[in-house]
């Protein structure tokens, strides 16, 4: 029998083992599509970003104009920019759904895969933040000022750290140039981390909705899941292009159509929608250092999730009480997102504080408690 190049060639063999002949559980649902969708998001963002970088000038006097020039004078520049800006939103939608899936189905018990995933999330958040500064509009400038300023809350070294990050005594040209350098670099770091993430995943194989070992009933990834993924691509790229073509500025802030002006502060400084939940938690504590710690904890708490798993069952498929708690957490995050977009006044302050408290309570206290309770219920 002639040797199969796909299985013998050193490079093709790797692709084959991870995308073609990969043994996959036969019962994974559409919730397992988001990993590949994130891959498509990353590819799209790198391609559109590369094309934008060719026309962008990282200088405070030219940045805003260079973005306007791209949209007005470059062939399909407006489309490239709209796809890139809204592609970021879809990236976050996919990653949040992907994390939610992992949480619901107990995928976090693959600890290495989960932890590399959290590092990927943090890198993505950093990339989105530095990218938002590049158009050098009002919200770009003031967002950069407010968020980088948070580091000054770190005792003793805080102020020095912030001035070192800024490259001066305020957000200015050095800040913009280094943010552009970082925004160019980080997506490639994300691509590298993704390979590590997949390496760890393929050590154990995919989890499945029942949370049981599926080795006895696995099917090849291609053609089954390659086809299913292609449908997922179409279902994501369709709303992305629709948004980019019909209402590209729907998720943006009108303030960013005004060039950055250090002398005029916008009435409401707020980040893009995908950071609002964390922003609400930051603002809910009336102390700078406390707020910064809560902000960090809101994402870093994900590292603790595997340690807080007390149930005898892996997934929530057959755990109605945990399901109820899970959807309460989703509702809670929705409330936090809404609060983050509101001004700091009554009743939003108290709602934000209660929602922040509830967020940490559900994750740190209620989930382990309910898991233990469900174990006891299994015995009766």
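Placement of Cβ uses the backbone N, Cα and C atoms for every residue, glycine included.
The transmembrane segment annotation in Swiss-Prot covers 34-54, 78-99, 114-134, 179-199, 227-247, 289-309, 321-341, 348-368. Residues or ranges marked as heme b b562 binding site by Swiss-Prot on the basis of similarity to another entry: 84, 183. According to Swiss-Prot, the heme b b566 binding site annotation covers 98, 197. The ubiquinone binding site annotation in Swiss-Prot covers 202.
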Binding-site residues compared (84, 183, 197, 202) - the one with the fewest other Cβ atoms within 10 Å: 202
Best-contacting stretch, by C-beta pairs under 8 Å, relative to the transmembrane segment (78-99) and drawn from 34-54, 114-134, 227-247, 289-309, 348-368: 34-54
Spatial neighbours of the transmembrane segment (289-309) far in sequence, C-beta under 8 Å, 6+ residues away: 99, 103, 106, 108-109, 111, 114-115, 118, 121-122, 125, 150-151, 153-155, 277-279, 281-283, 356, 359-360, 363-364, 367-368, 371
Where residue 84 (heme b b562 binding site) sits in the secondary structure, as DSSP reduces it to three classes: helix
Criterion met for the transmembrane segment (179-199) and the transmembrane segment (348-368) (at least three Cβ pairs under 8 Å): no
Minimum Cα separation from residue 84 (heme b b562 binding site), reported as the residue among binding-site residues 98, 197, 202 that achieves it: 98
Around the Cβ of residue 98 (heme b b566 binding site), the count of other Cβ atoms that are within 10 Å: 21
Secondary structure of residue 202 (ubiquinone binding site) (DSSP, helix/strand/coil): helix
Residue 197 (heme b b566 binding site) - helix vs strand vs coil (DSSP): helix
Between residue 98 (heme b b566 binding site) and residue 202 (ubiquinone binding site), the C-alpha gap once rounded to whole angstrom: 17
